[in-house]
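Asks: Before I ask anything, let me first share the structure, which is written out below as structure tokens.
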Amino acid sequence: MTAKIGIIGGSGLYKMEALTDVEEVRLTTPFGDPSDAFICGKIGGVPVVFLARHGRHHHLLPTEIPFRANIYGFKSLGVEYLLSASAVGSLQEAVKPLDIVVPDQFIDRTRNRISTFFGDGIVAHIGFADPVCPALAGVLADAIADLNLPDVTLHRQGTYVCMEGPAFSTLAESNLYRSWGGTVIGMTNLPEAKLAREAEIAYATLALVTDYDCWHPEHDSVTVEMIMGNLQRNVKNAQAIICETVKRVHAHPPVSKAHRALKNAILTPLDQVPAATKEKLHLLLAKYL
């Protein structure tokens, strides 16, 4: 089964309740095994592919997530649009726990993750000034707004700071990220978004705010208990938002520059790429060979 729309579920979102005609697909990729089986099915009759980012039993640390295998797996299943649901902490007073942010920017503070499919004889530099697809993010934000969910405040843009984890921020770090203009902080959307761009998949994030990190003087520092309590309240909303977004993307697929991200990004002449590397990356390079 193939699908043009993929969904990555973060902490708390380990399955899609609305999925029908469910089929589990286990893949092995040139970059190892993905986080779990891909769950193929339909939402409102629309084919989709779902993956639990940390595994369905949440057994993977953020650093341990096989980001390249996950994105490669989505690509091999035909995915062109990828919706990422992620738990985040807020770095701004105006962005409250239980709010929803659709980020338009990222700051990468990870340090132990491979962030590219390339190397081994091929060099590519993707454009990443706009790290999410504005068209897909717009569809997502419009779906949230039109659902008019109770007690949900939508923030149509913001900067997601991606830290390495698994420990939460120190107070000094949290205040530093605030001074940079960070809106929310999480541990998983990078290198995920970079790899999606290299795979020419349009990517957008549904960021579910669970806490105020540790900077807020009137709120307790973040704990797992706090996160999970608020996240469970957000998961029901996330399910509804994703279902509505899937319907809209299927009805009117947004035009995305991400779908041609490699067109002018590859510097190495393709006839000079080692055969083994070309074979490994054939899924990404096929239309340029």
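Even glycines carry a Cβ here, placed using N, Cα and C.
Fair warning: this is a prediction, and the values are worked out from it, not measured in the lab.
The phosphate binding site annotation in Swiss-Prot covers SER11, ARG53, HIS54, SER86, ALA87, THR188. The feature substrate binding site is assigned by Swiss-Prot to MET187, ASP211, TYR212, ASP213, with sequence analysis given as support. According to Swiss-Prot, the feature site 'Important for substrate specificity' maps to SER169, VAL224, an assignment based on sequence analysis.
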Asks: What residues, ordered by sequence, lie under 8 A Cβ-to-Cβ from ARG53 (phosphate binding site) and sit at least six positions away in the same chain?
Replies: ILE8, GLY9, GLY10, SER35, LEU60, ILE65, ASN70, THR188
Asks: C-alpha of SER11 (phosphate binding site) to C-alpha of ASP213 (substrate binding site): distance in Å?
Replies: 16
Asks: What binding-site residues in the list HIS54, ASP211, ASP213 lie within 10 angstroms of SER169 (site 'Important for substrate specificity'), counting C-alpha atoms?
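Replies: The binding-site residues close to SER169 (site 'Important for substrate specificity') (Cα within 10 Å), listed in sequence order, are ASP213.
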Asks: Kindly assign ALA87 (phosphate binding site) to one of the three DSSP-derived states: helix, strand or coil.
Replies: strand
Asks: What whole-number distance in angstrom separates the two most remote CA atoms of the phosphate-binding residues SER11, ARG53, HIS54, SER86, ALA87, THR188?
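Replies: This binding site's residues have a maximal Cα-Cα distance of 12 Å.
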Asks: What's the CA-CA gap between TYR212 (substrate binding site) and SER86 (phosphate binding site) in angstrom, rounded?
Replies: 15
Asks: Which ones in the same chain are close to HIS54 (phosphate binding site), with CB under 8 Å and 6+ residues apart in sequence?
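Replies: Listed in sequence order, they are GLY10, SER11, SER35, LEU60, PRO62, ILE65.
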Asks: Rounded to the nearest Å, what's the C-alpha distance separating MET187 (substrate binding site) and ALA87 (phosphate binding site)? Just drop the number here, would you?
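Replies: ALA87 (phosphate binding site) has its Cα 9 Å from the Cα of MET187 (substrate binding site).
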Asks: Of all the Cα pairs drawn from MET187, ASP211, TYR212, ASP213, the residues the record ties to substrate, which distance is largest, in Å?
Replies: 15
Asks: Of all the recorded positions given, SER11, SER169, THR188, which residue's CB has the most CB neighbours within 10 A?
Replies: THR188
Asks: Specify the secondary structure state of ASP211 (substrate binding site) as given by DSSP, simplified to three classes.
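Replies: Once the DSSP labels are grouped into three classes, ASP211 (substrate binding site) ends up as strand.
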